[in-house]
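Chemist: Below is the structure I would like to discuss, written out as C-alpha cells.
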C-alpha cells in the first residue's frame, strides 16, 4: 500500500458512525520534514514550523508559549502526551500530531468533527505504523 493510500483510506475516511464527517486535512511527514503523503487540503508548511514541532516532541512544552504554527496557521497547544502527541486548537477546529519511530501522523479538523474523533483517527493509524516498526 502506498503512503498516499494510508492518507486517503485511513485518515481522510468517514469518521466511524458519522457518515460524511471526516478530517479537513491530513498528512504523513518524515521526522526530517519530508512529506510522505498528504491530502490535497493539507497546508504547505515551512521547514521552521516542522522543526518547532519536532523540538516539542523532544522537549515537551517548547511550543506552549508561542503556539503551534503549521502552514501559517497558529494553534493554541493543549494537553498532549509528552514525546508522543501534540494537540492544538484554533476556533472550532484543531490539529492532532502523533509521532512514530520515523514519521509524524497529522490530522486537522473543523466542526462537526470533534477533537476526540480526530484523535481516534490519527491514533489508529499511528498505532498501526508502530506495530509495523515504522
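Cβ atoms here come from the backbone N, Cα and C positions, even for glycine.
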Chemist: Checking feature assignment: motif 'Involved in PIP2 interaction' per Swiss-Prot, candidates 50-66, 67-83, 84-100. Which range matches?
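Modeler: Among 50-66, 67-83, 84-100, the range Swiss-Prot annotates as motif 'Involved in PIP2 interaction' is 84-100.
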Chemist: Other Cβ atoms within 10 Å is the metric here; tell me which of the recorded positions 13, 114, 118 scores highest.
Modeler: 118
Chemist: Just to verify a number: CA distance, residue 13 (disulfide bond) to residue 114 (phosphothreonine), in angstrom, no decimals.
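Modeler: The Cα atom of residue 13 (disulfide bond) is 15 Å away from the Cα atom of residue 114 (phosphothreonine).
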